[in-house]
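These features come from TrEMBL:
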BINDING   97, 98, 129, 130, 131, 132, 170, 199, 202, 224, 254, 280  pyridoxal 5'-phosphate binding site
MOD_RES   225  N6-(pyridoxal phosphate)lysine
Ligand SMILES: *Cc1c(COP(=O)(O)O)cnc(C)c1O
């Protein structure tokens, strides 16, 4: 049996323990929802205040040049590239994950319409995040493709039919925390003439990602989850350099033009990834995202992604063990894979009755996780700022909420708009 003292000893040995100080975490809160909205880095408020008061207030329009505003989507993109196995000049930080997915999927369909006109199917997973499926549905309808939704074990067989133009997957499943083998599935897609589009929303900053190594074609991801860029932070888009000068940007705005300040009436796409920009970018939000990257980049001195991943697996292993030891007999089932190679940075438990109310009761106790319909309790474990003692506390609160039936209280059973 694991004890609280074991957890404290793990914290004392943790090479990443000092990184917690980079974040503002409210007293009495155990934050297990950094996979949905990362916490506030301590440096962000002052940095954004400076962007407002000095860069905007004093510099005014000159700051597009003098404060580097114009370069921000590329500069922040290069910093993200280092966390996903991409090269410099291959990533831009811009727009939302939904919008970027629209752009990259559209580009992939255009390439395939030329190279493989007989392939008219887009494959994805039924359990993919809904916005990804909605975007794909709309695009497929507009462009004369068919979207086929599969269970993971059907992917190989469907690809083998040779009808798929694109395999569009989310690397780590938002609901279950299950992680795909990106290199293997990309190779499989390529063998059957399909392009591979990956959504890294629950991967970037959380698990090792090697887009170039996997030879993936396109990727998108999120800035407000494990990158701690703040609510609604810009997302990002990546394209493999072999497609970089070929793809068509469906939202061909002036920021993606080769020379936006020539103000010519004809669109001429910028070389490479820059053509993925559409219009004027949110400078204040990009500045906050830059601070989120400062925080995660600080982990490099203590081992970077290898150290983060090691701790993330230790945190999720510990939570699984504690939930099974201390909450046994309360009807919880583990949804997240035990196999490390197939696990993201979260643990999901299911319970046929009361999953929503249990999460509400935990939140009332300061343990913030979330509920995902219909029956999932989701706990994100972010190695940048969580302690092993936090995992202990979370499991203890879960045990108490279940043991005393506290979750049955009416206030925990009222549904809120955002779960
Ligand atoms: C969080 C998430 C999104 C979010 O998309 P937005 O456009 O930022 O709302 C999209 N896809 C996946 C897989 C996600 O996990």
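Cβ atoms here come from the backbone N, Cα and C positions, even for glycine.
Note: TrEMBL annotation is automatic and uncurated.
Everything TrEMBL records as a feature, shown here on the structure.
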residue : record                              : Cβ within 10 Å
97      : pyridoxal 5'-phosphate binding site : 25
129     : pyridoxal 5'-phosphate binding site : 19
131     : pyridoxal 5'-phosphate binding site : 16
170     : pyridoxal 5'-phosphate binding site : 26
202     : pyridoxal 5'-phosphate binding site : 27
225     : N6-(pyridoxal phosphate)lysine      : 29
254     : pyridoxal 5'-phosphate binding site : 15
Residue 254 (pyridoxal 5'-phosphate binding site): secondary structure state under DSSP, collapsed to three categories: helix
Inter-residue C-alpha distance, residue 202 (pyridoxal 5'-phosphate binding site) and residue 225 (N6-(pyridoxal phosphate)lysine) (nearest angstrom): 7
DSSP three-state assignment for residue 225 (N6-(pyridoxal phosphate)lysine): coil
Cα distance (Å, whole number) from the residue listed as 'N6-(pyridoxal phosphate)lysine' to residue 254 (pyridoxal 5'-phosphate binding site): 29
Rounded distance in angstrom between the Cα atoms of residue 97 (pyridoxal 5'-phosphate binding site) and residue 225 (N6-(pyridoxal phosphate)lysine): 11
Nearest-integer angstrom distance between the alpha carbons (Cα) of residue 170 (pyridoxal 5'-phosphate binding site) and residue 225 (N6-(pyridoxal phosphate)lysine): 14
Pairwise CA distance, residue 129 (pyridoxal 5'-phosphate binding site) versus residue 225 (N6-(pyridoxal phosphate)lysine), rounded so that it is a whole Å: 14
Maximal Cα-Cα distance (Å) across residues annotated as binding pyridoxal 5'-phosphate, namely 97, 98, 129, 130, 131, 132, 170, 199, 202, 224, 254, 280: 30
